[in-house]
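Engineer: Mind having a look at this structure? Questions to follow.
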Amino acid sequence: MSDHRISNAAFAPATRHLLLPCAGLVLATLAWAGNAVIGRDLRHLYDPLQLTFYRWCMACICFYLINFKEIGAELKYVRRNISRLVMGGICGMAGYHLLQYYALARMPASEVAVIIGMTPVTVTVAEAFLRRAWPAPTVMLGIALGLVGVWLVCHGNGPAASRDALSWAGIAAAVAAMLCWSFYSMRVTRCEGLSPMTTMFCMAFVSSAVLLPFFLYDVAVGGTSVPTLRSGAQLLYLGIPASVVAYALYDRGIERVGRVTGAQFNCLIPAFASALAALFLGEAITERQIIGLFSVVIGLNVVVLRKSREMSHSRTLGRVEK
């Protein structure tokens, strides 16, 4: 779901044979939504640091095992991309997921997913600020719909005054995770000479290496839980389906249908996460929250589609000027 995996994808979706890539995109977004649900379910067994380390350590091993020949052939290009890889590993993997799991330990998965799902809005506002230009009225409408939806979802079970300090800390962590991912999406583009799988392996390796000393200290001081059959399967889910498989499906999908269609599938993650949380965790969903989810999905799609039109227009002007 980051820009470095979609920056070079075809802009216009393919006109035929869309069923399999679209199914892959649906499975990828479902896997990422499931990450939020499992992260919430494991909060009593593993702290956010341990979850983040286990996830990317397993993912790093899997990326290497399935792609070691290509990784070995492309290692010569790592040095020229080292700054992007380090930034991606620290900001986009270690930092983002550490904050996400911290938020999931303190508030419902549906609320965390809907806050972090507003990343396209944050990126759009930041880009407009850097250009010193107001977003288009259509984009402003999409932003307003998204914000109203977030408010409805987060306050669907009661007024804001009823929240405790832990819940507000969770909101702050979710917002910080959203900002962290937005920065990563804007600054980390596709690495020259590296395939998506090699790029993900390198970033996962950086993330694991950075977290390792903190993980060892955390385990030495507070200990860790021995995985049961259930928790072990959940940890494997975080490291393999929610990481390796989901990113592979997403990369393949956007190559076939284009980056705009892929971004629209990402807009469904908050809705998927809320449905899965209700199904597996018993989180209540009120009518107010359902309306909020629809508002978020519609608002995000408005922002994404308007942004795609602006990109298409700028590319057309660039070709005319040449």
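Note that Cβ sites are derived from N, Cα and C of the backbone, with glycine treated the same way.
Pasting the feature list from TrEMBL:
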type     : residues : note
DOMAIN   : 24-153   : domain 'EamA'
DOMAIN   : 169-304  : domain 'EamA'
TRANSMEM : 53-73    : transmembrane segment
TRANSMEM : 85-103   : transmembrane segment
TRANSMEM : 109-126  : transmembrane segment
TRANSMEM : 133-153  : transmembrane segment
TRANSMEM : 165-184  : transmembrane segment
TRANSMEM : 196-217  : transmembrane segment
TRANSMEM : 229-250  : transmembrane segment
TRANSMEM : 262-282  : transmembrane segment
TRANSMEM : 288-305  : transmembrane segment
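Structural setting of the listed features?
Structural biologist: Within the same chain, residues 2, 4, 36, 39, 43, 48-49, 51-52, 55-56, 78, 112, 115-116, 170-171, 173-174, 176-177, 180-181, 183-185, 187-188, 191, 199, 202-207, 209-211 sit at least 6 positions outside the transmembrane segment (85-103) and bring their C-beta atoms closer than 8 Å to a C-beta of that stretch.
Long-range contacts of the transmembrane segment (133-153) within the same chain: residues 110-111, 114-115, 118, 121, 124-125, 270, 274, 288-289, 291-303, 306-307, 310, each at least 6 residues beyond the stretch ends and with a Cβ under 8 Å from a Cβ of the stretch.
Same-chain residues lying 6 or more positions outside the transmembrane segment (196-217) and placing a CB less than 8 Å from one of its CB atoms are 4-5, 49-50, 52-53, 56-57, 59-60, 63-64, 66-67, 70-71, 74, 78, 81, 85-86, 88-90, 92-94, 98, 190, 243-244, 247-248, 251.
A Cβ distance under 8 Å defines the sequence-distant neighbours of the transmembrane segment (229-250), meaning residues of its chain 6+ beyond its ends; these are 1, 5, 24-25, 27-28, 31-32, 34-35, 38-39, 41-42, 45-46, 51, 54-59, 62-63, 66, 196-197, 200, 204, 262.
Away from its own ends, the transmembrane segment (262-282) comes close to residues 1, 6, 9, 22, 25-26, 28-30, 32-34, 36-37, 40-41, 108-110, 112-114, 117, 120, 153, 250, 253-254, 289, 293, 296-297, 300-301, 304-305, 308 of its chain (Cβ-Cβ under 8 Å, at least six residues beyond either end).
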Engineer: Of the residues in the domain 'EamA' (169-304), how many are helix, strand and coil by DSSP?
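Structural biologist: Residue counts for the domain 'EamA' (169-304) by secondary structure: 114 helix, 0 strand, 22 coil.
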Engineer: Take every residue in the domain 'EamA' (24-153), average their pLDDT values, and give the whole-number result.
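Structural biologist: In the predicted model, the domain 'EamA' (24-153) has a mean pLDDT of 93.
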